[in-house]
């Protein structure tokens, strides 16, 4: 029995060794990795020692060192895993015993050697990681010091330039030096006419395209405006400025293909003053542009971003005049780049928003065609569109934030670390969240929910109608298929987002314990709220009756539903009562509803004439449904009262919300018609007795 146990244990260990990756990396591979890391770290430290005063070299070195830090972190992760696996395998063998078989002893020895080798490599990786992190900190400190000195070290102010240029020999010398620099033989001034020809060609091509677009693309302009007003306006402005933009683009292409080769200009008082004047004019022009845009773009006006940008540009002008040229350049370039990024982001958010709104409302013909293909009714949103909106908003906002950070001087190493963190994710309370995968998961949920609705519609219209099932069975199958599709979409989206289901199982277990200790009502309302949101038996704006509560649905939350009564009071109804109780929805499928008006006439009246008058009054009212046979107008004689004949007028109105007003209109019309025909409406006997008693008392 003991030998059988040993053989079984040995077989299990062999299977474990085959299933897991190798516990110790190959010695040559580990040595090569460590040698390569050592060589790169030594070179990085040497480069830093030689280029402490060069900002450009420091930025390049920081980027390279960031990649080295990632390699060291990968080394730590891999060999930590190898060490852990080797330790787990050793523990699976149990405590060492003199009775162990030779194979077990050899395997334990081999695993111990693997663990020690992994620990040795780990110690080297930790050392390299420490050296790289120390180097990155020193690079960051040196870069901050250099940037501080570069931005806040003043040069010549506008007063010093003007004072120097008041001397004739100074500005004459500046002109001569500038002219000598510009007329060097290596400058290819002959390329300037070539660039001019490129610009003229682009201008002519743009003018021809604009004329042709105005004559032939009117229908396209109208379609774009219907689909998205912002897109249509952008297209119109693009047509207007296309010749100039195309000309400028052609000139830039010409300078790229045929560069002039102008060397750096000398730093003199004349060019310094020109730089200050040009920067001031540019800043004032940007202030004017911001002021105009704030009147057209709501997000600039409401967020007051244009005020912040104007203050930054005014500070830049003051910095230019005081001689802080680099700081002013940072502010002007930052505001200009931020304006371009924000406008682009606004367009990329606003145009899809208008397109999505058009899909939900069916504005353009192609959007109406898509809604018909999806089987959507009026006032019904496109399924899954909210997830697509959220994914697009998160993506564009995230990219815009990264671009803004880079524009305002965020080092490339920090940007790389941030992107790596977004890619690899981070842990919160045991959950590993990966933003990029979460965005992908939201996109998967949006697409799958939309596909689920399409499939559900086609299954209901094409397949289930041929099965011979009853209408109720068909609706049940359609609803269940929709729930299954939504559940699969959520599960696949969570899987793509990197959510581990074992963590969800732990949360589900904790929730089950909480439910057992008194959360039944809360969970019941929660589940009922989900059912209300998915099945939509009631919707916002519906007129419903729940028990003694009657009014309009103002809000449907996860826990409760808010009903606004006709006296404008709010009634909070738990969702479980709506699901488990009887609910009357006056506007579920449409706003059509029936009204019943009882009428009493005196004995001796012409019954047929009474019924004819009631029919005519209903036919004459514009909101009474008359074309649908199933909703035809009915006039009934309901019986004989003590002092009158009982009639009823039953009809359907197009908007049940207006039934009180319609009832009033019909009553007034009936009274008027009865007076004209001499048909009496008998007075109540109780009222007559009261009048007689009052006369006797008098």
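Just so you know, the numbers here start at 1 and follow the chain as drawn.
The backbone N, Cα and C atoms fix where each Cβ goes, glycine too.
Here TrEMBL flags 1-24 as signal peptide.
For the coiled coil (34-61), the list of distant contacts is 68, 71-72, 75, 121, 124-125, 128, 131-132, 135, 138-139, 142-143, 146-147, 150, 411-413: same-chain residues at least six beyond its ends, Cβ to Cβ under 8 Å. The coiled coil annotation in TrEMBL covers 34-61.
Look at TrEMBL and you will find 188-209 (among others) tagged as transmembrane segment.
The annotation transmembrane segment is assigned in TrEMBL to 241-258 (among others).
Long-range Cβ contacts of the transmembrane segment (270-293) within its own chain (Cβ-Cβ under 8 Å, at least 6 residues beyond either end) map to 155-156, 158, 161-162, 165, 171, 174-175, 178, 300, 306, 309-310, 313-314, 316-317, 320-321, 325, 328-329, 332, 335-336, 339, 343. The transmembrane segment annotation in TrEMBL covers 270-293 (among others).
Tertiary proximity for the transmembrane segment (305-324) is limited to same-chain residues at least six positions away from its ends with a CB under 8 Å from its CB atoms, namely 151-152, 154-158, 160, 275-276, 279-280, 283-284, 286-287, 290-291, 293-294, 299, 331-332, 334-335, 338-339, 342. Positions annotated as transmembrane segment by TrEMBL: 305-324 (among others).
Through the fold, the transmembrane segment (330-349) approaches residues 151, 230, 234, 279, 282-283, 286, 289-290, 293, 297, 299-300, 305, 309, 312-313, 315-316, 319, 392-393, 396-397, 399-400, 403-404, 407-409 of its own chain, all at least 6 residues removed from its boundaries and within a Cβ separation under 8 Å. Sequence annotations record features per position, and here TrEMBL assigns transmembrane segment to 330-349 (among others).
Within the same chain, residues 330, 333-334, 337-338, 341-342, 344-345, 348-349, 352-353, 356, 415, 418-419, 422, 435, 439, 442-443, 445-447, 449 sit at least 6 positions outside the transmembrane segment (386-408) and bring their C-beta atoms closer than 8 Å to a C-beta of that stretch. What TrEMBL records for 386-408 (among others) is transmembrane segment.
Counting only same-chain residues 6+ beyond the ends of the transmembrane segment (436-455), those with a CB under 8 A from a CB of the stretch are 373-375, 382-388, 390-391, 394-395, 422-423, 425, 481-482, 485-486, 488-490, 492-499. For 436-455 (among others), the entry in TrEMBL reads transmembrane segment.
Residues annotated as transmembrane segment in TrEMBL: 476-499 (among others).
The feature transmembrane segment is assigned by TrEMBL to 505-534 (among others).
Annotation source TrEMBL lists domain 'Mechanosensitive ion channel MscS' at 521-586.
If you look up TrEMBL, you'll see 596-681 marked as domain 'Mechanosensitive ion channel MscS C-terminal'.
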Legend entry - Secondary structure content, the domain 'Mechanosensitive ion channel MscS' (521-586) (per DSSP, counts of residues): 21 helix, 25 strand, 20 coil
